[in-house]
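Here the structure is laid out as structure tokens; the discussion comes afterwards.
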Amino acid sequence: MASNVTNKTDPRSMNSRVFIGNLNTLVVKKSDVEAIFSKYGKIVGCSVHKGFAFVQYVNERNARAAVAGEDGRMIAGQVLDINLAAEPKVNRGKAGVKRSAAEMYGSVPEHPSPSPLLSSSFDLDYDFQRDYYDRMYSYPARVPPPPPIARAVVPSKRQRVSGNTSRRGKSGFNSKSGQRGSSSKSGKLKGDDLQAIKKELTQIKQKVDSLLESLEKIEKEQSKQADLSFSSPVEMKNEKSEEEQSSASVKKDETNVKMESEAGADDSAEEGDLLDDDDNEDRGDDQLELKDDEKEPEEGEDDRDSANGEDDS
């Protein structure tokens with residue numbers, strides 16, 4: 001963007017021009033300034049100088065919006081001081097009569113513009129602008145170095161004044177009385193301290209006793225738990241042995257029942273065999289009786305036949 005646009009002194013250009021003071025130009029460049037202020041409107045000119053810059057907008061509304069939005073903003077560790085070029089802040093100038101920017105610009109001798117189209121306008125040099133703003137606005141320079149640390153002055157020793165013997169005697173008496181008073185005070189303080197120490201010791205003793213009691217309780221509980229844990233395996237073993245014994249007895253009972261059932265079955269089988277034998281014997285006897293009965297009528301018939309034979313003869 002053209003930088004000579006910011007040199008125009010016509011009222012319209014002055015009212016739409018923004019002055020950016022307290023700018024850290026060592027870090028902030030022209031492109032940064034344009035990027036920051038382009039969001040408020042179209043920029044037709046921008047110039048960056050040592051410690052300050054100018055931004056030329058198309059109209060005054062955009063310039064005022066930029067002043068309202070960016071004044072007091074911190075950039076590169078410095079708080080910006082922004083206002084319209086035609087309306088400098090009153091409380092910023094140095095002591096003395098403050099003149100408006102138009103008056104300051106008007107006091108400068110006019111010179112023709114380099115371009116024929118801008119022959120009616122008047123441009124100013126950057127040097128003049130820098131001098132003008134340096135005169136009108138005071139900006140803090142770099143932070144001055146801290147003052148050197150003053151060396152500690154060692155006070156000179158006082159010379160002892162030698163007095164007469166009477167003064168020495170009085171001073172000795174006073175020192176003795178002071179020592180006595182201090183000793184009595186120290187004795188009282190020692191007594192108070194001793195009482196306080198005794199109280200603290202008694203409190204500590206009580207705490208220690210309570211701690212010992214709690215430790216004894218804990219030890220007793222632990223011993224009980226240990227006894228329970230020791231006795232529990234024995235009980236488990238006893239229970240297991242009882243269960244084994246009961247299972248063995250149950251098994252024995254089952255075997256006895258089986259044996260008895262088997263013996264009963266054998267007895268019943270033997271009884272059945274005996275019964276079968278008896279039946280067979282009875283059946284044999286019956287058959288023999290039947291045979292005897294059959295023989296008897298045959299014998300009768302033989303007797304009859306023999307008798308009939310005898311009769312015939």
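Start at 1 and count along the chain as shown; that gives each residue its number.
Keep in mind that glycine also has a Cβ here, set from the backbone N, Cα and C atoms.
The SUMO2 cross-link annotation in Swiss-Prot covers K8 (among others). Of all Cβ atoms in the protein chains displayed, 21 besides its own lie within 10 Å of the Cβ of K8 (SUMO2 cross-link).
Sequence annotations record features per position, and here Swiss-Prot assigns domain 'RRM' to 16-87 based on sequence analysis.
If you look up Swiss-Prot, you'll see K89 (among others) marked as SUMO2 cross-link. According to DSSP, K89 (SUMO2 cross-link) is assigned to coil rather than to any helix or strand.
According to Swiss-Prot, the feature SUMO2 cross-link maps to K94 (among others).
Annotated compositional bias 'Low complexity' per Swiss-Prot: 175-186, in sequence order.
The SUMO2 cross-link annotation in Swiss-Prot covers K176 (among others) and is backed by similarity to another entry.
Marked as N6-acetyllysine by Swiss-Prot: K176.
Swiss-Prot lists 191-226 with the feature coiled coil. Per-residue pLDDT, averaged along the coiled coil (191-226), amounts to 91 for this model.
Classification of K224 (SUMO2 cross-link) by DSSP places it within a helix. Applying an 8 A CB threshold to same-chain residues 6 or more apart, the list for K224 (SUMO2 cross-link) is empty. Residues or ranges marked as SUMO2 cross-link in Swiss-Prot (evidence: similarity to another entry): K224 (among others).
If you look up Swiss-Prot, you'll see K237 (among others) marked as SUMO2 cross-link, on the strength of similarity to another entry.
What Swiss-Prot records for K240 (among others) is SUMO2 cross-link.
Marked as SUMO1 cross-link by Swiss-Prot: K240.
Summarising the annotation, Swiss-Prot assigns compositional bias 'Basic and acidic residues' to 250-261 (among others).
Under the heading SUMO2 cross-link, Swiss-Prot lists K251 (among others). Over all protein chains present, the Cβ of K251 (SUMO2 cross-link) has 10 other Cβ atoms lying within 10 Å.
Under 8 Å, Cβ to Cβ, and six or more positions away along its own chain, K252 (SUMO2 cross-link) finds no residue. Annotation comment: Swiss-Prot describes K252 (among others) as SUMO2 cross-link, evidence class similarity to another entry.
For K258 (SUMO cross-link), other Cβ atoms within 10 Å of its Cβ number 10. The annotation SUMO cross-link is assigned in Swiss-Prot to K258 on the grounds of similarity to another entry.
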How long is the line from the C-alpha of K258 (SUMO cross-link) to the C-alpha of K251 (SUMO2 cross-link), rounded to the nearest angstrom?
10
So what sits near K89 (SUMO2 cross-link) in its own chain, CB-to-CB under 8 Å and at least six residues off in sequence?
D81, N83
Euclidean distance between Cα atoms of K251 (SUMO2 cross-link) and K8 (SUMO2 cross-link), Å:
124
With DSSP as the reference, give the number of residues of the compositional bias 'Basic and acidic residues' (250-261) in helix, strand and coil.
12 helix, 0 strand, 0 coil
According to DSSP, collapsed to three classes, what secondary structure does K8 (SUMO2 cross-link) have?
coil
